[in-house]
């Protein structure tokens, strides 16, 4: 009897294993990086694209699938591809940020990214992680539930990915290179886009405006992705309610809103029901700008939600969007986010970290002419975390240096707290705090460490809403607020029951956010502001997570085709 019972159990688990092998697939894709003529705003320029497409191809996978994407670089720039939000368990070599987990793919060379989607469902995306190439090199990564399972909400009638972006008439690489030379802020974009098109509020754009079809009574799942380089964006659909059901490939307790706010890097899944008169309605996005007196693109991009059998000549209905500086709307929106179910949040903390984030000003070096110091008052713009402006290596990637024990590439003395305590959000910050030190400093974590990070915005130069993205991990946002974080007062307000699970947190302007995660993924993982101008200025750091015990807690060996520097 016991033998038969044991055999039955073994047979059951063997069948489950076999079924999982059948269900899980390996998808193969080729990405050709190339220059492609692209016409926008009445002008044509050569843009860097994937397979000649802008935006690039949408990849659709199931939870549990493996992706193998071979990137062929036929453009003139070095490039890498980052799979934004993918956990990359033990596959850090496939994460993508240049000089962090790999050296860039040189022109004429190729590299294959291979990784498995594990325990994630929803909307993520991929993008270039070199210079400002992600202005046009990006696409959606849609993760469907494992076959046989379903959404935790009624299955929608249709699904549409909507990628919000920015467009420059000039070459974005030239834009950031000029800013780097001069020390000034880069020129702002010329338009925002939805799925690569500015929409008919811009010149020469009406015919190409994106149209999203829908039938009366249908429910559509809109997968909204902010792929803009430097701008948080409000998003809405005229006369329609949006039911938020997910963000960053994690399910949420559904809530209804009229407006979304997404920082660059963030995704939000919403259900929209076609319950209005059958007409044409604008889908619209415009800037949320929290930095005072900073120039920004104050235009509005549109697509059209078009009910079937509606005349295409009728003028779409325009929505009301919040004012560009409406932080109250942003706060009200973000505080509605809660995980779908109660979750296990780390309660005991092993590494309690406090990171200040913000801008800075470097004094003009004596050897520099004035033309290279065009920041405020003859300085050069910079940025930092805990007063350290992050510098990428150039001869080795950080992960390669760590894996091979190469000395002199980085240090592990990134500070756990700012070197000087001050009134972080005050108006009279000492000028002595404006100039950070530069370095390639990592913070070392033991495998399995329970980590809390307080992310504190500062008013150095100006306060601003910063979208902070952590590679290789999701984290729980257990609290957020305004002013200086006060552990005695604010800790008691933490949500340790059902906080949202994200990979990018919008740290409030003149405020703070607290995240928690378990360091269960060995490797070197970048944390940075997803405003690309800020990461260029040094608003970043990296965690070095040690291997654990055994193969399943150890970083995989580097692939044979890993690019060399």
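Placed from the backbone N, Cα and C atoms, the Cβ positions cover glycine too.
The signal peptide annotation in Swiss-Prot covers 1-24, and the record cites sequence analysis as its basis.
Under the heading Cu cation 2 binding site, Swiss-Prot lists 84, 127, 530, citing similarity to another entry as support. The local packing around residue 530 (Cu cation 2 binding site), expressed as other Cβ atoms within 10 Å of its Cβ over all shown chains, amounts to 24.
As annotated by Swiss-Prot, domain 'Plastocyanin-like 2' applies to 158-310.
As annotated by Swiss-Prot, domain 'Plastocyanin-like 3' applies to 413-549. Across the domain 'Plastocyanin-like 3' (413-549), the prediction's mean pLDDT works out to 98.
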(message) Cβ within 8 angstroms of the Cβ centroid of 84, 127, 530: which residues besides those meet this for the Cu cation 2 site?
(response) 82, 125, 129, 134, 138, 227, 264, 265, 469, 504
(message) With every protein chain in view, what's the tally of Cβ atoms within 10 Å of the Cβ of residue 127 (Cu cation 2 binding site), excluding that atom itself?
(response) 29
(request) On the DSSP side of things, how many residues of the domain 'Plastocyanin-like 3' (413-549) fall into helix, strand and coil, could you say? (result) 16 helix, 56 strand, 65 coil
